[in-house]
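Database features, via TrEMBL:
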DOMAIN    12-338  domain 'Enoyl reductase (ER)'
BINDING   38, 63, 64  Zn(2+) 1 binding site
ACT_SITE  40  active site, charge relay system
ACT_SITE  43  active site, charge relay system
BINDING   93, 96, 99, 107  Zn(2+) 2 binding site
BINDING   175, 195, 200, 262, 263, 264, 286, 287  NAD(+) binding site
Ligand code: NAD
Ligand code: ZN
């Protein structure tokens, strides 16, 4: 089958013929229809320090997908050939304390699809049945293909109550923009998103934010004043991984403000801890999605009108992956979807 492979310890990805995956008794085989390119895939493409120490080569990469089940293992009772599914990209151990308690997103031994085990940028993917999400009828296939990053957005955005609250999102990447749409859907009052990239700030405007702020030219304190906010943001969603964005967020929170932090900083990141202590802030780290409450929430929010389609800016056949990665790396894109059925 065709697959996008990290074939050697170098920058790039290679379209290659690799053997079709086989399945065990608890697995399903999926014919991949569409995939999303994730920031993680770009790290792997760029072969940065994280990728070099994490990814064994050769490795089929990719983890955001939608497809159709074409074969099931003999122990699998809940899925049928023909089911349209996506997959949770974190494969958990099932045996640690958190897994045993049903808190699988807190597993101590998580393995990543397309990171530690063969991924979804391929015609076929084998997954344990415990990682498969059967889509409700009517979910747009493009949206279904990005349930994994939408799940990052939803997990973060719903970490703290947002109904009626003023929410600050730092970073208008695809996940920040989806999070903006989610908190808007969930009833936030003011939704302010920041970035330093005009293309992405324009994109954020399309999901109905209150203000898309270029922090190179506008101060958050001025935005607060314009909006009549006197005490700071109630909820912060850090989605840039950028130290100055995080520091700016901390300085603009209300007393008792809650911060959910998804963005991954490149290294250590200094903040003024006095602001955290004296303003009694809560900071919660977020990794992946809750299994499977986040998946449930994504589905029901889409059924109740959440529209994240503006974040999808490019669609192309998988054979044009190079253009897809070049566009992602330029920063002038939202989500890019590769079609594997061509
Ligand atoms: P992205 O890199 O596409 O978006 C980050 C955005 O932050 C970019 O648009 C960038 O221009 C912007 N930015 C840079 N400096 C800024 C500043 N000073 N102020 C405001 N914005 C600034 O990433 P994404 O795919 O949208 O993901 C968001 C973040 O979440 C990334 O850091 C990513 O690594 C991380 N992530 C974490 C998890 C997890 O499980 N914790 C999963 C997926 C992604
Ligand atoms: Zn575990």
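Quick reminder: no glycine exception, Cβ is built from N, Cα and C everywhere.
Nobody curates TrEMBL annotations by hand; they come from automatic prediction.
Overlay of TrEMBL feature records on the structure.
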residue: 40; record: active site, charge relay system; CB count, 10 Å: 23
residue: 43; record: active site, charge relay system; CB count, 10 Å: 18
residue: 63; record: Zn(2+) 1 binding site; CB count, 10 Å: 25
residue: 96; record: Zn(2+) 2 binding site; CB count, 10 Å: 16
residue: 99; record: Zn(2+) 2 binding site; CB count, 10 Å: 19
residue: 200; record: NAD(+) binding site; CB count, 10 Å: 24
residue: 262; record: NAD(+) binding site; CB count, 10 Å: 24
residue: 264; record: NAD(+) binding site; CB count, 10 Å: 14
residue: 286; record: NAD(+) binding site; CB count, 10 Å: 20
residue: 287; record: NAD(+) binding site; CB count, 10 Å: 14
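For residue 262 (NAD(+) binding site), the nearest neighbour among the listed binding-site residues (38, 93, 96, 99, 107), judged by C-alpha distance, is 38. Within 8 Å of the centroid of the Cβ atoms of 93, 96, 99, 107, where the record puts Zn(2+) 2, the same chain has further Cβ atoms from 92, 94, 95, 97, 98, 100, 104, 106, 108, 109, 110.
The binding-site residues in question are 38, 93, 107, 175, and the one with the fewest Cβ neighbours inside 10 Å is 93. Between the listed binding-site residues, namely 64, 195, 263, the fewest other CB atoms within 10 angstroms of a CB are found at 263.
Residue 63 (Zn(2+) 1 binding site) and residue 263 (NAD(+) binding site) have their C-alpha atoms 18 Å apart, to the nearest angstrom. The CA atom of residue 107 (Zn(2+) 2 binding site) is located 11 Å away from the CA atom of residue 287 (NAD(+) binding site). If you take the Cα of residue 200 (NAD(+) binding site) and the Cα of residue 93 (Zn(2+) 2 binding site), they are about 37 angstrom apart, rounded to a whole number. Spacing of residue 264 (NAD(+) binding site) relative to residue 99 (Zn(2+) 2 binding site) is 24 Å (Cα to Cα, whole number). Among the recorded positions 40, 175, 195, 286, not one has its Cβ under 6 Å from an atom of ligand 2.
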